[in-house]
């Protein structure tokens, strides 16, 4: 039977009788089970085990999706977190470091979320393989950072990559180049879930294959999947057996997310003797971060609230920089033993994110996802640490790429730090127009990356190219209208300038 998604929601809200709702729910669950069984029946013998695990996980998520209604927070229950539940980084750092920092480091595993593709920046393949600085990719920089740690302290901190079915093959091919580096590298795969038709609420996949025209039928269900897939891979148990106690999880495209020894020491040697099972690094919001998830106190627990969970009437309040001052950087420190305990009790509770997509052929689908930070409320003795903004340096667009490639940052052992020559610690606001969206177009438009040490704000729109050794200072706005082209000549200094119209420098 075909039940339209909107009609389904309407019927659910209008139906006086909970019995009627329950019947519809059961029918939807039954239809879903039939379809998933058909898909599983197409699996080869070597795929059956993990496909079964994936589909079981999806079935649980779908069951919860049918049970829950509307935004999952009651706005009236949201409170500011208690003073001591979000510690300033300065206070953590002031405790200093113990003499035996190596023994603390040997309990750590670095996990990078590596499931994303570079499509938003016009690149094929895993985003982690895009070059960001002196030919180094995100993955290169990550390996260099950990290798530097291991060499400096004579430790054995491994790197674990959570890949998705989209990034796994390409990533594994490239890992061979690190075989002589002083970092053990492990990978495991996120689950693979079926996208569902928005109107029928049934999977669009007809079999297990995910190549060719079937690639659009499947998706990786968000980084909240880390708990189940890490556990299911067997890697979690292996690392616990090796004596590892904490993971430091972050997005591979956040170049500020390096191992912080002060935070690690705070976890391993807590001042009150009671260890935290979960630490979330948060940082102060700027106007650019109003959509980021924030930490609140909710039913006596720290809880991450995302913008999608906020009732419409309160969205502006949620975005306010004065009421909700911090946001989640997605740099997380989590106890391995706690993940194992909660996973075995099936007690990790994360809100469902319903992500609507329109496929190339115009079909509307939804994918059900979860976010890794949302699990904070399931762990004991959780803590937020308000870290400097420098620990949040994500590269989502070519505008971000321009910043990290520039002389604003210096690169040392895989870590980027703000240049000492910049007089103020804030990052300039850079907005590059659509001609710069794809990495190859962006690279073609800069003969060399401009000097940006004294830049506050840059907006570029239209067909603009930059010659070598350009300097940008203060506020610079360059706009080439449709049909115009602007070539910024080599060696130009633009300070507090607006450039528009047509500007071609011809070589004679």
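Even glycines carry a Cβ here, placed using N, Cα and C.
Among the features that TrEMBL reports, UTP binding site is placed at 127, 190, 222, 253, 396. Applying an 8 A CB threshold to same-chain residues 6+ apart, the list for residue 127 (UTP binding site) reads 116, 117, 118, 121, 138, 167, 252, 253.
Among the features that TrEMBL reports, substrate binding site is placed at 223. Within the same chain, the residues at least 6 positions away from residue 223 (substrate binding site) whose Cβ sits under 8 Å from its Cβ are 113, 115, 162, 190, 251, 330, 371, 372, listed in sequence order.
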Residue 222 (UTP binding site) has how many other Cβ neighbours within 10 Å of its own Cβ?
23
Distance in Å spanning the most remote Cα pair of 127, 190, 222, 253, 396, given for UTP:
21
For the binding-site residues listed here (190, 253, 396), which one has the lowest count of neighbouring CB atoms within 10 Å of its own CB?
396
